[in-house]
Structures are given as structure tokens and as C-alpha cells.
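So that you can see what the record holds, here are the features copied from TrEMBL:
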type	residues	note
DOMAIN	1-209	domain 'Major facilitator superfamily (MFS) profile'
TRANSMEM	65-84	transmembrane segment
TRANSMEM	91-111	transmembrane segment
TRANSMEM	117-137	transmembrane segment
TRANSMEM	158-178	transmembrane segment
TRANSMEM	184-204	transmembrane segment
Amino acid sequence: MTTSTLPGPTAGARLPRQIPFIIGNEACERFSFYGMRNILVQFLITSLLLQEVSGPGREAEAKHILHSFMIGVFFFPLLGGWLADRFFGKYNTILWFSLVYCAGHACLALFEGSRNGFFLGLGLIALGAGGIKPLVASFMGDQFDQSNKHLAKVVFDGFYWIINFGSLFASLLIPLALKNLGPAWAFGIPGILMFVATLVFWLGRRRYV
């Protein structure tokens, strides 16, 4: 009989030190995405961007724009996964798409009165959010090895709780920002959070495997 020499779970194993960077990134990114998404229709209905549409048609057009945006968010994961697998690896792909994501948020905050600038921002966010969508969770899984893989379930449970909390707080706070501070701040705050998400992810670069 032969004995396996593969390393197994270690009793004193610790979480990889780079995991907090990935979870912090996800928390900020989810807040930014849901914060922006949850005020999009309300903003479009009341803004001048759809001034050529009147009556009930304005709400229908705003919802059509949201649906088109979400189609992009769920289409671009194909591009992100392909680029990561074939050319750049997960870290570089996440980082570059995150920068595109930040640029999109900046467009929403700066061009909230410009149709072309605002819709450019939506396109960039769809590209950025979709591009990183299939990569972050799998990149986090890559950080575990045989000695600590038994801890991965705990981390992924926390990871998905973070997603839910980010969505919850964004849904509560950003509509208030739109009402009390105006659209520039309501779109700018999620943009700041996305910048923080990208910075946190970048700060862990020397620890990732």
C-alpha cells in the first residue's frame, strides 16, 4: 500500500493574507454598482436626458435603458473571462476593467446633464462590471492551497454576505443622496466607492498568487 504525499489541511492554517483585499474590493464594488443601478430609472424619469419623451412613455424609456444596461452587464463577462484566460490573467483583467468601471462612474457624475456623456458612462460601467463579474470569486479561490482550502467555505460565505450588505446599504443610502444632494453626488458617491475598490485590490498585488 502506498501513502499519499499530497499536503492536507493543516490544523493551524490561517486565511491567506491577501483575502481581505479581495473582500474589501468586492464590498466597495457592490455598493457602487447597486447604488448607481437603483437610482438610474428614477434619475432618468426626472432628468432632462429624456425630455423628448413625455408622459408614461418616459418611464417606459427609462426602464428600457436600464434593461439594455443590464444586458451589457451580463454579456461582457464573456469578454472578461476570455481575456483573462487567453491573454492577461485574472489579476490584470480585473484591474484594467476596474479602471474602465471607474471612468464610467466619473462620466455619470460629471455629465449628468449630457446625454452623450451619461450614456457613455453607462456603457463603460456595463463593460467594467461585466468584465470583472466572472473573475473576482474565482481569483479569490486561487489564493487557497491544500493547507488551507478547508477555510475557503468560510471565506466564500462571508464574500456573499458582503455582496448582500453592499446591495442593502446602497439601496438605502443612495436614493437619499439623490433626493437631498442631487444627481452629481448620488452618482459620485458610488464612483468614489469604486475607486476605493480598485485601490484596495491594487494594494494587495504583491500578495496574490
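Even glycines carry a Cβ here, placed using N, Cα and C.
TrEMBL does not curate its annotations; it predicts them automatically.
These numbers come from a predicted model, not from an experiment.
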Contact set, same chain, for the transmembrane segment (91-111): CB under 8 Å, 6 or more residues outside the stretch: 29, 32, 36, 80, 83-84, 117-118, 120-129, 131-132, 135-136, 139, 184-185, 187-188, 190-191, 194-195, 197-198, 201-202, 205, 208
Distal contacts, the transmembrane segment (158-178) - CB-CB under 8 A, six or more residues away: 23, 26-36, 38-39, 42-43, 137, 140, 185-186, 189-190
